[in-house]
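Enquirer: Swiss-Prot lists these features:
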BINDING   GLU67  thiamine diphosphate binding site
REGION    442-523  region 'Thiamine pyrophosphate binding'
BINDING   ASP494, ASN521  Mg(2+) binding site
Amino acid sequence: MTEKTIRLTTAQALVKFLNQQYIEVDGEMAPFVDGIFTLFGHGNVVGIGQALEEAPGHLKVYQGKNEQGMAHAAIAYAKQKNRQRIYACSTSAGPGSANLITAAGTALANNLPVLFLPADTFATRQPDPVLQQLEHESSTAITTNDGFQAVSRYFDRVQRPEQLMSALIRAFEVMTNPASAGPATICIAQDTEGEAFDYPVEFFQKRIHYLNRQIPTKRELTEAARLIKASKTPVIIVGGGARYSRAREELIALSEQTNIPLVETHAGKSTLEFDFKNNLGGTGILGTLAANKAIRDADLVIGIGTRYTDFTTSSKTAFDPTTKFININVSRMQTYKLDAFQVVGDAKATLAELAPLLKGYQTQFGNKIAAYKTEWLDERARLQTTKFNRETFTPEIKDQFDQAILNEYADRLQTEFTQTEALITINDNVAPDSIVVCSAGSLPGDLQRLWNPAVPDTYHLEYGYSCMGYEINGALGAKMAAAKKQEVYAIVGDGSFCMSHSELLTSLQYGKKINIMLFDNSGFGCINNLQMANGSDSFFCEFRDSDNQIMQVDYAKIAEGYGAKVYRANTKEDLISALEDAKTQSKTTLIEMKVLPKTMSEGYLNWWNVGVSEVSNKESIKQAYEEKQANLKNARLY
């Protein structure tokens with residue numbers, strides 16, 4: 001190291017360092033940090049704000065409208081870029097920083113890299129307690145930002161300018177490591193942001209972070225091949241790791257070579273297009289009938305880049321007790337799940353090495369894969385044409401709302417539109433390369449089952465944290481990451497819209513057109529289904545006023561007030577017309593659809609373990625508890 005230095009404030013050094021971070025994947029190099037979202041307040045406006053104003057470099061700066069909302073946009077950007085490009089997020093101290101914590105949980109649960117820069121209290125403590133500072137009798141060192149420790153892959157505090165160097169180097173190692181990718185949080189004391197230091201110039205050299213494709217050992221590959229050859233009906237679960245590895249070609253080649261069917265997690269969906277003959281779609285609690293039948297048949301499950309969440313495993317009841325597992329993952333920790341044979345490696349590289357070892361091998365599925373897929377497509381076609389009537393209508397979610405209640409909803413919402421018909425209509429009428437973004441409620445289930453991606457990397461579901469309010473804000477991030485003319489559709493329920501839609505305004509502010517598909521069934525329909533399916537009555541999940549009337553909300557008018565182009569569509573014909581006109585618009589659009597409750601799709605061959613009350617005065621809850629205990633007898637314990 002030379003003795004040459006450059007005098008900068010801590011914040012200026014931060015911005016200069018971010019400009020010098022690059023990532024190289026398969027010989028292609030690009031900047032790793034494309035920009036920064038910020039909401040200025042005391043704690044960052046005169047520190048990081050000054051540094052960005054004076055010398056932003058190539059960093060694009062976006063003004064967020066809510067800290068959680070802008071952070072979800074940053075998370076979606078990283079997800080859509082397959083974890084190879086990021087945005088940072090800077091906030092003020094106190095509540096501004098606290099608003100990031102939920103989003104940090106979203107990033108951590110989904111293994112997505114984001115750099116969080118929450119401002120902190122004074123390092124000198126001279127003016128304490130400052131505005132928005134918490135006071136604890138037990139410790140002066142505790143601040144709001146301690147809440148980040150549970151939701152960060154890497155957490156650090158900078159209270160002296162020279163601490164920035166080691167903090168940033170460690171943070172970027174974590175964010176650019178496929179095995180540990182996740183949010184890095186660096187809390188910078190607000191007085192330290194403006195404090196100057198003579199930094200060594202070498203700290204600001206161009207740094208290239210290489211995403212090397214880890215190849216498993218010969219032992220791992222040989223044993224994995226032996227286990228596959230010994231199986232008769234293996235199934236591959238395509239997880240998010242397969243998508244981030246860009247393993248599409250290798251998955252197709254191996255499946256064609258061996259006739260192994262493919263099923264998908266939310267994170268893995270659209271790694272390859274649905275039209276591939278052996279792709280049976282989503283698996284688990286929200287899976288297709290075809291995928292869940294294949295998993296039920298499996299004597300070997302090959303999990304590629306999956307965390308095996310309860311929604312993938314149906315709370316560990318989806319598999320036969322004798323089923324064996326091979327787990328291929330860059331994270332050694334993930335490979336240990338379900339007592340699997342562990343293969344630590346990159347999905348794309350591992351599949352390329354494995355294929356030659358399986359030469360001549362064929363599963364015994366035969367024509368069963370095609371039969372399962374045909375049966376499922378027939379079921380999807382039925383769901384596309386469900387029609388309401390006022391006398392004998394049976395919704396997909398049966399035995400919860402009677403005809404009178406459904407008629408009440410039809411009258412109050414002035415609609416007979418079913419949710420499944422509306423969703424499939426959207427799928428059939430948007431451009432094939434359109435990106436669909438969703439996160440929470442009943443819509444992820446419909447998307448996992450019914451949305452058929454025609455182009456890879458166009459299905460964008462945040463289902464690690466399933467955070468309400470991600471949809472619209474995440475759509476902005478996906479749009480920022482998308483090709484110039486690629487349309488992005490936020491699929492959102494009225495519940496999630498109410499939770500957060502702050503970056504709708506940001507999309508209009510910066511000309512980043514998104515299309516918001518708002519499904520209004522006047523309530524938290526997904527959770528209403530859950531409570532009633534487990535013996536409870538409908539209780540505080542419907543949007544009813546103090547007179548027990550179903551609420552009537554004009555969500556389109558809210559978006560219109562922001563400046564969006566809006567439509568109201570309560571029939572298939574009106575929806576198609578709105579979709580076509582929305583394609584011609586240059587600014588953000590919102591299509592409001594009033595849909596009937598209980599008309600979302602129901603599960604197939606699945607079960608979800610939830611905390612049903614063991615003691616109750618209601619017979620229906622007692623029965624639900626007994627059913628839970630019976631299902632647990634078929635579940636793996638770990």
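Each residue, glycine too, has its Cβ placed from N, Cα and C.
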Enquirer: Going by DSSP, is GLU67 (thiamine diphosphate binding site) sitting in a helix, a strand, or coil?
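Expert: In three-state terms, GLU67 (thiamine diphosphate binding site) counts as helix.
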Enquirer: Among the binding-site residues GLU67, ASP494, which residue has the largest number of other Cβ atoms within 10 Å of its own Cβ?
Expert: GLU67
Enquirer: Excluding near sequence neighbours, so keeping only residues 6 or more apart in the same chain, what lies with its CB under 8 A of ASN521 (Mg(2+) binding site)?
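Expert: Result: TYR409, LEU413, GLN419, GLY493, ASP494, LYS594, VAL595, LEU596, PRO597, THR599.
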Enquirer: Grab the pLDDT values for the region 'Thiamine pyrophosphate binding' (442-523) and give me their mean, rounded.
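Expert: The predicted confidence over the region 'Thiamine pyrophosphate binding' (442-523), as a mean pLDDT, is 98.
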Enquirer: Sort ASP494 (Mg(2+) binding site) into helix, strand or coil using the DSSP assignment.
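Expert: In the DSSP reduction, ASP494 (Mg(2+) binding site) maps to helix.
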Enquirer: May I have the DSSP-based helix, strand and coil counts for the residues of the region 'Thiamine pyrophosphate binding' (442-523)?
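Expert: Secondary-structure breakdown of the region 'Thiamine pyrophosphate binding' (442-523): 33 helix, 16 strand, 33 coil.
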